[in-house]
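These notes concern the structure reproduced below.
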């Protein structure tokens, strides 16, 4: 009786495939002839990639942050300065990540780049901070804003119950989790649809404002820097609000291996 060699494999959707000796391949292993390597399918096209970036940048932050920036800067002119500074800084970050995404074609975003440059220790610390602090906090803010905006039309005459907001928030998080776990294609299609919805909402806000400017409604820009005294303690918070509104330009780098032709 001849004992057959054990082949370690992972079911559909898996990432690594074992070799004929029964162990997972290391970075330097060569694939044996005739044995196919299991990789993530490249289902993120140009349109889907652009939709992911636009859909994450245009989120709850753009609707929440303007109030915080204006309150902490004290004047219209200073708030516009902060909006411009945060936009330029975000642009530099996005261009840097575009370069990293085409140079290091691995999924993982921040974790992958820190792992490549600084080694596994700092990468491990970064991913745990992401999992325990950054991601839960950001998800909570976005989801609670989603729940409040969904219920707003039904509670025009009264205050929205906090329990109702939390229930809608929990349902929204669950639906998104199930959808992303089920199908990359359907997630991308819904992302494209939601991106167009967000762009429509932004245009509904921008177009009437531009029309008012054309009509000469510019009294808010006269003495734009006059107002209450700007507090130095509030400026970092205003800057944080601005960066939060622009956040999202790095999300495509988390799924680089699923992007079809990243250079494009």
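Keep in mind that glycine also has a Cβ here, set from the backbone N, Cα and C atoms.
Lifted from TrEMBL, the feature list:
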TRANSMEM  45-64  transmembrane segment
TRANSMEM  76-98  transmembrane segment
TRANSMEM  134-151  transmembrane segment
TRANSMEM  163-184  transmembrane segment
TRANSMEM  190-211  transmembrane segment
TRANSMEM  232-252  transmembrane segment
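Counting Cβ pairs closer than 8 Å to the transmembrane segment (163-184), the top stretch among 45-64, 76-98, 134-151, 190-211, 232-252 is 134-151. Away from its own ends, the transmembrane segment (232-252) comes close to residues 44, 49, 52-53, 55-59, 61-62, 64-66, 68-69, 71-74, 79, 82-83, 85-87, 89-90, 93-94, 97, 101, 109-110, 138, 259 of its chain (Cβ-Cβ under 8 Å, at least six residues beyond either end). Across the candidate stretches 76-98, 134-151, 190-211, the maximum count of CB pairs under 8 A to the transmembrane segment (45-64) is reached by 190-211.
Counting only same-chain residues 6+ beyond the ends of the transmembrane segment (190-211), those with a CB under 8 A from a CB of the stretch are 47-48, 51-52, 54-55, 58-59, 62, 179.
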